[in-house]
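Down below is the structure, laid out as structure tokens.
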Amino acid sequence: MSRQSISLRFPLLLLLLSPSPVFSADPGAPAPVNPCCYYPCQHQGICVRFGLDRYQCDCTRTGYSGPNCTIPEIWTWLRTTLRPSPSFIHFLLTHGRWLWDFVNATFIRDTLMRLVLTVRSNLIPSPPTYNIAHDYISWESFSNVSYYTRILPSVPRDCPTPMDTKGKKQLPDAEFLSRRFLLRRKFIPDPQSTNLMFAFFAQHFTHQFFKTSGKMGPGFTKALGHGVDLGHIYGDNLERQYQLRLFKDGKLKYQMLNGEVYPPSVEEAPVLMHYPRGIPPQSQMAVGQEVFGLLPGLMLYATIWLREHNRVCDLLKAEHPTWGDEQLFQTARLILIGETIKIVIEEYVQQLSGYFLQLKFDPELLFGAQFQYRNRIAMEFNQLYHWHPLMPDSFRVGPQDYSYEQFLFNTSMLVDYGVEALVDAFSRQPAGRIGGGRNIDHHILHVAVDVIKESRVLRLQPFNEYRKRFGMKPYTSFQELTGEKEMAAELEELYGDIDALEFYPGLLLEKCHPNSIFGESMIEMGAPFSLKGLLGNPICSPEYWKASTFGGEVGFNLVKTATLKKLVCLNTKTCPYVSFHVPDPRQEDRPGVERPPTEL
């Protein structure tokens with residue numbers, strides 16, 4: 001046989017042979033499950049997939065070893081054995097007032113405050129780790145501040161169920177879930193006596209760093225400062241800032257109405273503000289955050305901070321007559337950042353916590369500790385902070401109740417009533433309880449629906465995984481979560497497994513601590529984000545925290561002695577009742593609070 005005929009027949013013989021089993025594939029065989037869908041790595045170990053069905057846990061510096069990071073080192077075992085549970089710590093901090101009165105008057109307060117700050121802040125990774133596009137360490141996650149960071153990587157896309165390997169193949173409808181478990185039946189006031197002054201402060205304060213980009217998507221932010229930079233007062237970019245500035249003596253633009261200072265109109269400061277069509281530019285107030293025209297309570301705070309900025313500029317000008325406009329403006333901004341952080345820690349967070357330990361803003365407490373003065377806002381923090389149960393059924397100002405339809409985009413209420421009247425009214429009206437479910441007014445329920453939908457786009461891990469990440473034990477049943485049977489049974493029917501419960505519903509449906517505004521998870525997850533963001537601000541660093549940064553001792557003292565009462569009463573003609581909690585009924589008939597001294 002010739003060599004040529006053999007070469008021609010050989011391919012034909014190959015076609016007649018059965019295929020090699022190496023290349024065969026059974027179309028009916030199930031695809032291997034991504035092993036990281038089981039969340040095998042415990043105690044902050046990192047799951048790395050190898051091949052199709054293998055994984056390895058990176059337990060570096062977790063204090064644990066073993067295939068799944070479950071074997072504690074001796075010091076880790078000792079620390080976890082001796083560490084009390086979060087619920088026990090909360091009980092200690094909210095009972096025994098006589099003991100805490102003693103602690104607050106001694107050096108023990110500073111020691112405990114330092115411990116609180118370091119333990120809480122250490123739970124937040126710095127530098128940031130992941131984002132919506134990268135579930136692994138990358139330079140992009142570190143350097144691109146357009147992203148929100150994230151604490152846990154997203155649920156892998158190839159998992160058998162939306163949340164991992166547990167629960168049902170399809171998550172419950174977000175609107176049905178919200179109406180069934182989050183919609184208010186009857187207003188439930190916060191047992192800690194929190195008021196609307198607090199609720200509006202929360203909205204006003206957080207809108208400087210929660211600014212999700214509608215154009216880029218839910219994993220992106222327009223607030224590139226990632227913290228307390230007062231972009232909601234000065235604008236989040238230089239162009240907007242320049243439109244709002246007077247460029248004289250460091251001050252911001254303003255207008256005089258009824259003999260009082262208010263933000264300028266959009267006609268005077270041409271910046272984008274979101275108002276309904278038909279409202280003329282001269283009736284729109286221009287401030288740093290474009291959405292603050294939505295609620296009179298937000299524009300109230302915008303007005304107060306505008307007055308405070310210009311007041312501080314006058315004080316600095318008197319101290320430093322040679323300073324130019326730019327230095328006066330920039331120094332006043334730093335002072336207001338300091339005042340904000342002081343009020344947030346010592347009054348706002350104090351009210352939220354319900355602790356008898358008096359919280360203290362003193363950056364020097366951390367000067368001897370290992371601490372990074374930078375912050376990146378996490379998408380989980382943004383999700384967590386949707387506290388719409390705070391909002392009431394209606395808004396009472398003076399003798400009149402305003403419905404949502406009358407209150408939203410009400411451009412005349414602030415000027416008609418004046419700052420003092422609104423502060424007094426909002427300080428006296430109770431806010432709603434956040435936790436426990438079924439306390440969001442129907443007018444704003446759509447926000448909760450959108451939050452749940454957004455969390456699915458972000459592919460947040462289950463609620464229990466976040467509890468483990470923040471040092472809490474995962475819930476073993478829906479009844480343990482809610483503390484009752486009815487909602488628990490319905491949630492079981494919808495989700496199928498407690499380990500498939502979503503992040504935001506878990507936070508809002510968790511049973512509250514006794515006489516508390518919300519449950520354990522909101523405190524244990526929210527506090528680390530808050531304290532790391534506040535104390536991670538550059539003004540709290542050793543390089544910045546000195547009198548010269550704030551224009552000398554006068555400016556430094558403004559920061560060190562700031563209170564909500566001073567913020568309001570030094571910028572109004574009379575001093576109304578102002579607080580983050582409703583007044584004690586026993587004090588209702590007492591004379592008004594004395595006006596604080598005009599200078600510190």
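Even glycines carry a Cβ here, placed using N, Cα and C.
As written in Swiss-Prot, here are the features:
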DOMAIN    32-70  domain 'EGF-like'
DISULFID  Cys36-Cys47  disulfide bond
DISULFID  Cys37-Cys159  disulfide bond
DISULFID  Cys41-Cys57  disulfide bond
DISULFID  Cys59-Cys69  disulfide bond
ACT_SITE  His207  active site, proton acceptor
ACT_SITE  Tyr385  active site, for cyclooxygenase activity
BINDING   His388  heme b binding site
SITE      Ser530  site 'Aspirin-acetylated serine'
DISULFID  Cys569-Cys575  disulfide bond
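Secondary structure at Cys69 (disulfide bond), as computed by DSSP, is coil. If you look at the domain 'EGF-like' (32-70), the same-chain residues 6 or more away from its ends with a CB under 8 A from one of its CBs are 76, 79, 155-156, 158-160, 164-165, 461, 465, 468-469. In this structure the alpha carbons, written CA, of Cys159 (disulfide bond) and His207 (active site, proton acceptor) are 35 Å apart. Comparing C-alpha positions, Cys57 (disulfide bond) sits nearest to Tyr385 among the recorded positions His207, Tyr385, His388. The secondary structure of Cys47 (disulfide bond), as reduced to three states from DSSP, is extended strand.
If you compare Cα positions, the residue listed as 'active site, proton acceptor' sits closest to Ser530 out of the recorded positions Cys41, Cys47, Ser530, Cys569, Cys575. For the recorded site, Cys59 (disulfide bond), the DSSP three-state label reads coil. When the alpha carbons of Cys37 (disulfide bond) and Cys69 (disulfide bond) are compared, the span between them is 16 angstrom. Here nothing among the recorded positions Tyr385, Ser530, Cys569, Cys575 falls inside 10 Å of the CA of Cys59 (disulfide bond). Using a 10 Å Cα-Cα cut-off from Cys69 (disulfide bond), the recorded positions that qualify among Cys41, Ser530, Cys569 are Cys41.
Taken residue by residue with DSSP, Cys575 (disulfide bond) is part of neither helix nor strand, so it is coil. Cα to Cα, Cys575 (disulfide bond) and His388 (heme b binding site) are separated by 29 Å. His388 (heme b binding site) counts 22 other C-beta atoms within 10 Å of its own C-beta, drawing on all protein chains shown. In the predicted model, the domain 'EGF-like' (32-70) shows an average pLDDT of 96.
On a Cα basis, Cys569 (disulfide bond) lies 29 Å away from Tyr385 (active site, for cyclooxygenase activity).
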